[in-house]
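J.: This is the structure I want to talk about, given as structure tokens.
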Amino acid sequence: MGNRKIAIIGAGPAGCLLARLLHLAGTEVTVFEGEDHPNFRSQGGTLDLHTATGLAALKEAQVFDEFLKHARYDGQYMAIVDKNLEYHLERNAVGKYNKIEERPEIDRSSLREILSNSLPEGMIKWGYHLKKVEGRSLVFDHTTVDGFDLIVGADGAWSKVRKEIDPSLVPEFAGIGMFELEITDAENNAPELSKLVNRGSVFASTDGNRTSIQQMGDGSLNMYCSFVTDNPDWFKPENCGFNPHDLKETTKALLETRYKDWDPRLRQAIELANGRCNPRSLFMLPVGSKWEHKQGLTLIGDAAHLMTPYAGEGVNQALDDAMLLAKAINGAVGKDDQELDKAIKSFEEVMFARVGPVQELTWGLLQDWMYTPGAPKAVMANSQAPLIAGHSDEEDELEYATEGSRSPEEAGKTGSGMPSAFVLALTFAAGISGLLFGYDTGVVSATLVSIGTSLSNRELTSMDKSIITSSTSLFALIISPFSSVLADRLGRKHVILYADILFVAGALLQAWSSTVPIMVAGRCIIGAGVGAASFVVPLYIAEVAPAAHRGRLVTLNIMFITLGQVIAYIVGWAFSTYGSPATGWRWMVGLGALPAVLQGGMIAFMPETPRWLVKAGRSNAAKEVIRRANGDTLQHNADAVIREIELEVREEHEAERLRDHQVSDRWTWLGKWGPLVSEGRNRRALAIACLLQGLQQLCGFNSLMYFSATIFTVIGFQSPTLTSMVVAVTNFLGTVAALGLVDRIGRRRVLLYSIPFMIVGLLLSAYGFSFLSLATGINTTASEPPATAGHEMAALTILVSIMVYVAAYALGLGNVPWMQSELFPLAVRSLGSGVATATSWAANFVVGLTFLPLMDLLSPSWTFVLYAIICGGGYFLVWRIYPETAGLSLEEATALLDNGWGVR
């Protein structure tokens, strides 16, 4: 098919954005607007653009930089009060961690100007007032235009295009009347009120009367005085008893009736009004409105789903409509008209599913604000406060002042202080997998120097040790990508249960092995369990934990790993010292089955994560998990968090349904892998996650854990297992210290502070090894002579240097990479985390297999220098591409990578 002709009716934000996106793709488009020029009438107040919808659409249209010139990030202050100016909610523009919140304000007129100016001159036909649509013909006051392949109605509440699609779909009166008032130059004309508004917004409501006061970009204050009425024609003089277009008569009537007993500071908003005075009635389309698809016609924005302004969602949903419709249209370029029609129909079906819950939310807020006794307390009690405040996550900067609200000390118990007991219990239960992982890592070190000739009736060679050690990593690498599929299909906790079964089977097989191949088989089974658990446990914790505690709880899982290593060295030391040389190592590996049995017994009492439950259609169960996880801090906000997750799930499904119609068709053969590699933000998230996981292994840390007893035997320590325990304890204590740093200091800074100390430790170790003369290289068994005498100081230098290296590793690289799930959107979170975890195990396999040969080939000194060089390269990449995600919700963290690496 040749280039199509698209007509858009309405030059509002949605219509202009759609035209912009179509124009960028080379589609011929014309916008018809009934107003004679852009400034024909007042465009209303300010808009609060949301990250996942409005802002995403502006970025897609390549106008975000221009938007930033007009956006007011300092305009996000918001307060909800009653008529007595008692505060029920207050949100500052600057939130936690002194970061600017990511929902900037912009005047509606400025947004329209940005979008209309982004179009070529002449694309918008001003002064074309549409009378009706007849088929594919547009009948205007002065002419008729036809020949369009598609007509898009972006023409607002009283859409003529909607009338042609479905004449029965007519807006209903919402029962609300409203005055729009203005105070110009508010800083001079209303200084006290201007200070109260604080460059943001104040919403006041009591007994069916409401006032919203908003700071505009030009320094004026825009006010909406709304009230309940059953007459849509209330503004006629014969109905209201005064001239509603006369400012003096209007303000007098309002002050003497509806706002008579309001706080004087709020009454100033009416008393000092000196600008426009516009009466309005609010209308809305019925919640859940749909229409039968009609070829060649479709709707977006208010024309499709007119809502009242009580949730601030109208313009965001409209811009989202425009972005998704543009993708559908542009995806049908080069295809026949039937394919275009299928794409439009699919877009409409997805829009109905996406917008329906938003309509319900908006209608519920209208009821809470205007009809429910006790507003605004009713608004707060009915779980809508976070959305009104411009957020929907448990970390929001909300300050409640309602009756029964908690003191700051009480809030700290489950907010910025300790996580709830429920979350700690879940973390402990899931963290046993980490203990199993750590135990296996540590026990192999003691086992390798204790086996002797128990396997295959001979001493283990260097290659035997490398294969026994690295086989675990190899099978972890093989299994971890499949774990992501299972975690999405079966649930996070079921994958943990299956990993427990593998841990038990692998531990018992190792304990009963009599040959090297059987020992390797047991290690492979353990590796499969480790691969599954190491992927899903951090994901499970990240999706259950409140944002304020997520980092430290993921780190707590890493602490379990280090604790497992300490326990392994204690067990190894005890059996090597007091046990039978022939059977002690078998007890070491066999005891690894006990924690797995314990965790398997606990798994039945663990809930699934809220995000997985929502994807499975079990939102009520998800809400209960959120409430239990957050305690009282989110008792009123769980519904809002569920809506945020539901929105992300709908966007995921929407992306899947539209994938066949998008420009990036070359990626569709990859199936679910397509979005991971085709979308820029997902590629960036994957690159960062794989970098961190690869660096975590290639820095050489696990080589020390696997072979520490071998190393300390070679350099002359009498009790290598006991010496290895010192290193394991250092790792454990460093991880405990990291609990207090990753959320307070931040992930990025912890890495940038700790990696240099790792480099120092590695270089000092290399220096220490340079003074040792090893009799038989590193391939030394317990029965062979240690390093030549007289080098105790060099051996001590190596031990201290390794402890410095391990402590620095534990603070940063030991835990930060496992927070990888917060980088990925929900749609690819499991898959992306699985690939990153596979990268970890691939690197682990390489390091485990090559460490001993490298020590023999390059010498110990140069092997440690090589690891130091790798750490230096990793430091540079972390500095360049890893953004700070501490304190952000999962949704906010993923948004950092929308346009670039997010490093600030």
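Including glycine, each Cβ sits where the backbone N, Cα and C put it.
In case it helps, TrEMBL gives these features for our protein:
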- 1-27: signal peptide (SIGNAL)
- 394-415: region 'Disordered' (REGION)
- 421-439: transmembrane segment (TRANSMEM)
- 426-886: domain 'Major facilitator superfamily (MFS) profile' (DOMAIN)
- 495-512: transmembrane segment (TRANSMEM)
- 518-541: transmembrane segment (TRANSMEM)
- 553-575: transmembrane segment (TRANSMEM)
- 587-606: transmembrane segment (TRANSMEM)
- 685-709: transmembrane segment (TRANSMEM)
- 721-743: transmembrane segment (TRANSMEM)
- 750-773: transmembrane segment (TRANSMEM)
- 793-814: transmembrane segment (TRANSMEM)
- 826-852: transmembrane segment (TRANSMEM)
- 864-882: transmembrane segment (TRANSMEM)
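Tell me about the setting of these features in this model.
T.: For the transmembrane segment (421-439), same-chain residues at least 6 beyond its ends with a Cβ under 8 Å from one of its own Cβ atoms are 496, 499-500, 503, 529-530, 533-534, 537, 540-541, 544-546, 549, 553, 556-568, 592, 595-596, 598-599, 602-603, 605-607, 628-629, 631.
Mean model confidence of the domain 'Major facilitator superfamily (MFS) profile' (426-886) amounts to 80 (pLDDT, 0 to 100 scale).
The list of residues near the transmembrane segment (518-541) in space but at least 6 beyond its ends in sequence, with Cβ under 8 angstroms from a Cβ of it, reads 426-427, 430-431, 433-434, 436-437, 440, 444, 455, 467-469, 471-480, 483-484, 486-487, 492-493, 495-496, 498-503, 505-512, 550, 553-554, 556-557, 589, 592, 596, 609, 818-821, 829-830, 833-834, 837-838, 840-841.
A Cβ distance under 8 Å defines the sequence-distant neighbours of the transmembrane segment (587-606), meaning residues of its chain 6+ beyond its ends; these are 426, 429-430, 432-433, 435-436, 439-440, 443, 446-447, 450, 493, 496-497, 500-501, 503-504, 506-508, 510-511, 522, 526, 529, 564, 568, 571-572, 575, 579.
Cβ atoms under 8 Å from those of the transmembrane segment (826-852) belong to residues 462, 465-467, 469-470, 472-474, 476-477, 480-485, 487-488, 527, 531, 534-535, 538-539, 611, 615, 645, 648-649, 651-652, 655, 672-673, 675-676, 682, 685-686, 689-690, 692-694, 696-698, 700, 702-703, 706-707, 710, 778-779, 817, 820, 863, 890 of the same chain, restricted to positions at least 6 beyond its ends.
If you look at the transmembrane segment (864-882), the same-chain residues 6 or more away from its ends with a CB under 8 A from one of its CBs are 684, 687-688, 691-692, 695, 698-700, 747-748, 751-752, 755-756, 758-759, 762-763, 765-766, 769, 854, 858, 901, 903.
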J.: Give residue numbers and ranges for long-range contacts of the transmembrane segment (793-814): same chain, 6 or more residues beyond its ends, CB-CB under 8 A.
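T.: Counting only partners 6 or more residues beyond its ends, the transmembrane segment (793-814) has Cβ contacts under 8 Å with 558, 562, 692, 695-696, 699, 701, 704, 708, 712, 715-717, 723, 726-727, 730-735, 737-738, 741, 750-751, 753-758, 760-762, 764-765, 767-769, 771-772, 787.
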